[in-house]
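*Asks:* Dumping what Swiss-Prot says about this protein:
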type	residues	note
DISULFID	C20-C31	disulfide bond
DISULFID	C25-C39	disulfide bond
DISULFID	C30-C65	disulfide bond
DISULFID	C49-C73	disulfide bond
DISULFID	C67-C80	disulfide bond
MOD_RES	Q18	pyrrolidone carboxylic acid
SIGNAL	1-17	signal peptide
Amino acid sequence: LKFVVLICLVIMASTSAQQCGDETCGAGTCCAVFSQNHCRRLSQMYDLCSDHSDASPSGNYLFFCPCEPGLHCDRNTWTCTEGSSRSE
């Protein structure tokens, strides 16, 4: 039984992690590319952000992470805000 629990934990950890250069990004973070790749926390209210659709094929973002759940990246100001994800 302990072995089954251990296998489940390993699977859960591997699905929530993202390889980012020499680091592995966990939940609540993304891989942001500057001169090198770095794990950064997801952008919060009024932080600068990238849109989820701006991820590279490898899942990395340029400079900033997308917003945390419940927020969206306003493409006019490039900051995380509440409300609809449509630009108006």
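Backbone N, Cα and C atoms are what each Cβ position is placed from, and that goes for glycine too.
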*Asks:* Compare the Cα of C73 (disulfide bond) against each of the disulfide-bonded residues C31, C65, C67 and report the nearest.
*Replies:* C67
*Asks:* About how far apart, in whole Å, are the alpha carbons (Cα) of C65 (disulfide bond) and C49 (disulfide bond)?
*Replies:* 6
*Asks:* Between C30 (disulfide bond) and C39 (disulfide bond), find the distance joining the two CA atoms and give it rounded to the nearest Å.
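*Replies:* Per the Cα atoms, C30 (disulfide bond) and C39 (disulfide bond) stand 6 Å apart.
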*Asks:* Looking only at C-alpha atoms, tell me how far Q18 (pyrrolidone carboxylic acid) is from C25 (disulfide bond), rounded to the nearest Å.
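*Replies:* C25 (disulfide bond) has its Cα 5 Å from the Cα of Q18 (pyrrolidone carboxylic acid).
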*Asks:* Within 10 Å of C31 (disulfide bond), Cα to Cα, which of the disulfide-bonded residues C49, C67, C80 are there?
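*Replies:* Of C49, C67, C80, within range: none.
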*Asks:* Among the disulfide-bonded residues C20, C25, C39, C49, whose Cα is within 10 A of the Cα of C67 (disulfide bond)?
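*Replies:* Of C20, C25, C39, C49, within range: C49.
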*Asks:* What disulfide-bonded residues in the list C20, C39, C49 lie within 10 angstroms of C80 (disulfide bond), counting C-alpha atoms?
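*Replies:* Correct set: C49.
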*Asks:* State the Cα to Cα distance, in Å, between C39 (disulfide bond) and C49 (disulfide bond), rounded to an integer.
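*Replies:* The Cα atom of C39 (disulfide bond) is 14 Å away from the Cα atom of C49 (disulfide bond).
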*Asks:* Sorry to bug you, but what's the C-alpha spacing from C49 (disulfide bond) to C25 (disulfide bond), rounded to the closest Å?
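*Replies:* Answer for this pair: 17 Å between alpha carbons.
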*Asks:* Excluding near sequence neighbours, so keeping only residues 6 or more apart in the same chain, what lies with its CB under 8 A of C49 (disulfide bond)?
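*Replies:* Spatial neighbours, sequence-distant, of C49 (disulfide bond): S43, F64, C65, P66, C67, C73, W78, T79, C80.
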*Asks:* If you run the three-state DSSP split on C80 (disulfide bond), which class comes out?
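*Replies:* Reduced to three states, the DSSP call for C80 (disulfide bond) is strand.
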*Asks:* Only counting partners 6 or more residues apart, tell me which same-chain residues put their Cβ under 8 Å from the Cβ of C20 (disulfide bond).
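*Replies:* In sequence order, C31, N37, H38, C39, N60 meet the Cβ cut-off.
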